Amino acid sequence: MSCVLCFWIFCFLGDIRLRGQTGVPAERRDTTYSGEIGTKKKVKRLLSFQRYFHASRLLRGIIPQAPLHLLDEDYLGQARHMLSKVGMWDFDIFLFDRLTNGNSLVTLLCHLFNSHGLIHHFKLDMVTLHRFLVMVQEDYHSQNPYHNAVHAADVTQAMHCYLKEPKLASFLTPLDIMLGLLAAAAHDVDHPGVNQPFLIKTNHHLANLYQNMSVLENHHWRSTIGMLRESRLLAHLPKEMTQDIEQQLGSLILATDINRQNEFLTRLKAHLHNKDLRLEDAHDRHFMLQIALKCADICNPCRIWEMSKQWSERVCEEFYRQGELEQKFELEISPLCNQQKDSIPSIQIGFMSYIVEPLFREWAHFTGNSALSENMLGHLAHNKAQWKSLLPRQHRSRGSSGSGPDQDHAGQGTESEEQTAREGDSP
């Protein structure tokens with residue numbers, strides 16, 4: 001093991017040791033049970049740190065003299081090349097995740113924090129930042145087909161693209177950028193792979209805790225704050241500033257609740273119609289960060305077909321798994337979760353028509369029909385046509401006749417059908 005790596009691990013362990021000794025009574029530190037739990041946690045974090053450290057070195061352009069053999073040098077070079085094009089809309093997050101040995105979220109965030117100058121501006125400790133990001137990545141459930149760390153990395157890359165939009169970029173402060181990236185990275189942390197209605201009807205403790213209101217989003221936010229405090233990433237900043245950061249992160253993450261879609265869309269339309277957005281004002285900038293995060297969260301239908309199709313298949317697989325759980329426990333199967341009745345094409349066409357298209361049309365209006373917006377809308381139209389061509393034959397024939405239950409799949413459904421599309425969380 002190289003001397004440099006030993007030094008960083010020494011610092012890492014020293015930081016954990018100091019954290020364990022600060023503000024904890026001696027009698028509690030000496031208890032066998034607490035010691036065992038603490039040791040297990042330290043070992044887990046250390047192993048995670050060692051596993052991810054090698055991948056992160058590419059961010060500083062360092063080629064290890066004694067590789068840890070976690071990543072092949074060719075993979076490192078390809079990942080480094082991809083990071084040089086991280087602002088391109090055709091960025092392939094699936095390939096990037098493979099090249100970084102499943103560490104796309106950590107590697108991407110370290111790179112973006114560095115390229116945006118956030119590490120220098122906020123005087124962040126690189127090891128502490130890395131440890132916090134590892135905590136975030138580990139708290140995503142890899143067994144979820146859709147709501148996992150790769151989805152978080154994909155949303156973060158999209159958010160980076162939106163933060164560069166000329167209509168927005170010139171007004172953003174370093175704090176705005178950091179909030180946008182952190183919220184994107186952590187917006188679905190510890191997602192259980194089922195939606196809010198499932199948690200409510202199974203009387204889940206989270207539903208009770210948050211009184212059935214934005215249950216998952218509240219959990220994502222609180223989990224993120226817990227990791228920020230545990231890692232002490234922002235401990236050197238003034239207390240008032242960290243409290244403000246925590247509240248703004250909550251406001252951003254809570255905005256991703258799909259049930260609040262009409263609320264935000266109505267406000268955005270009103271601002272654009274009245275031409276009263278003042279991005280010099282922190283309140284209006286924060287609102288547009290909320291809109292940007294909402295767009296990033298549901299941007300899959302606006303990606304190139306090959307990637308969009310993968311995401312669609314993944315989210316529907318997660319829906320179907322929920323439906324199987326509901327069937328197993330003799331519960332009513334939720335909308336979009338019945339694999340025998342809800343096909344992937346019909347789910348995606350409904351989602352695009354009711355949720356994605358309205359939001360991205362207004363986003364394009366805000367950006368002045370920027371090149372990126374035009375590109376996204378072009379992909380959206382193409383992907384919708386692709387899914388229509390894949391609809392079961394009977395669906396296509398009924399839809400073309402202008403009647404029947406599949407009119408919603410052509411984007412002309414009722415208000416209740418729009419609600420059904422929203423209840424599916426975020427395909």
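Placement of Cβ uses the backbone N, Cα and C atoms for every residue, glycine included.
According to TrEMBL, the signal peptide annotation covers 1-18. For 71-394, the entry in TrEMBL reads domain 'PDEase'. If you look up TrEMBL, you'll see His147, Asn148, Ala149, Val150, His151, Asp188, Asp297, Gln348 marked as AMP binding site. Sequence annotations record features per position, and here TrEMBL assigns active site, proton donor to His147. The Zn(2+) 1 binding site annotation in TrEMBL covers His151, His187, Asp188, Asp297. According to TrEMBL, the feature Zn(2+) 2 binding site maps to Asp188. Annotated region 'Disordered' per TrEMBL: 391-427, in sequence order.
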Binding-site residues compared (Asp188, Asp297) - the one with the fewest other Cβ atoms within 10 Å:
Asp297
If you measure every Cα to Cα pair among His147, Asn148, Ala149, Val150, His151, Asp188, Asp297, Gln348, the residues listed for AMP, what is the largest value in Å?
22
What residues, ordered by sequence, lie under 8 A Cβ-to-Cβ from His147 (AMP binding site) and sit at least six positions away in the same chain?
Tyr140, His141, Asp188, His191, Gly193, Glu318
What is the interatomic distance between the Cα atoms of His151 (AMP binding site) and His187 (Zn(2+) 1 binding site), given in whole Å?
10
Among all protein chains shown, how many Cβ atoms are found within 10 Å of the Cβ of Asn148 (AMP binding site), not counting that one?
21
How many Å separate the Cα atoms of Asn148 (AMP binding site) and His187 (Zn(2+) 1 binding site)?
11
